Amino acid sequence: MLINRVINRVALPSPMVSVRFLSVSRQSLLGGSQLLAAVARGSKQSAADKKKAEEAKKKLKKLHSKLSKEKSALSQLKKKYAEASKKEKQKIKQLETKEKQKLLDAKKKAKQQESIAKKKEQELIKKATKPFRRLSAYNLFVKERLGDGGLADAASSWNALSTDEKNGYQQKADAFNAKALEIVTPKPKAPPSSYAKFIKEMYVNDGREFKDINKDLAAKWKVMSSDEKSKYEPSSAQRDEYKAKLKAWTDSRIKAFREHKDLF
């Protein structure tokens, strides 16, 4: 009986408590499973992210390698361009130097040709404008006989001619001179110089000799000022007129020289 009372006093869990305990246990198990699943999913996600990160690193490494190669290629291109540019500049400089030298040579050649042409022109003008020398009977005779011997033979032959024969040569010479003077005209006279004009205006024949009068005038001219002397200078119109006449005469003499060299 005592035992029964003791058993009755011991608190035994009721069925509801047991049910609740089982329910909590199940929930705990379910939560744990979910946690484990979440952890597993997290682990899987972490592995995937890690894989992605590794792949990204690989891609970045490849990009870095590609960029490095491209930088190296660009550096080589720049170097080649610099070398090509330098060579091109040197080539242009060489061409410019050659062109400059060609230009200098051409100028030098042109100057030489101009100098030669000018010298020839001066020689031509000198020959064409030299004073005309009248041909004498004896000169004509020598000219005709010069091929037959020397001047000594020509002189003795001339002396052996009769008066009529010499007159015949004189007539020929006069005809030659008359014809020549129609073609070879004399040089135009230049306007008088300031001193010549002064002498002409100031000269007075007072009975003394010319040299004495001229000496006094020269002394007077010497002490005159530049302004006083300038009054006797030829006018601009006179100088221009003389220049025009001289040019026309020079041109005509050159033409005559080319067409009638036997007259010179």
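Backbone N, Cα and C atoms are what each Cβ position is placed from, and that goes for glycine too.
If you look up TrEMBL, you'll see 188-250 marked as DNA-binding region. If you look up TrEMBL, you'll see 47-57 marked as compositional bias 'Basic and acidic residues'. Annotated domain 'HMG box' per TrEMBL: 188-250, in sequence order. According to TrEMBL, the region 'Disordered' annotation covers 42-74.
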Query: Under DSSP, the domain 'HMG box' (188-250) has how many residues in helix, strand and coil?
result: 42 helix, 0 strand, 21 coil
- prompt: the domain 'HMG box' (188-250): mean pLDDT?
  reply: 94
- prompt: Tally of helix, strand and coil residues over the compositional bias 'Basic and acidic residues' (47-57) according to DSSP?
  reply: 11 helix, 0 strand, 0 coil
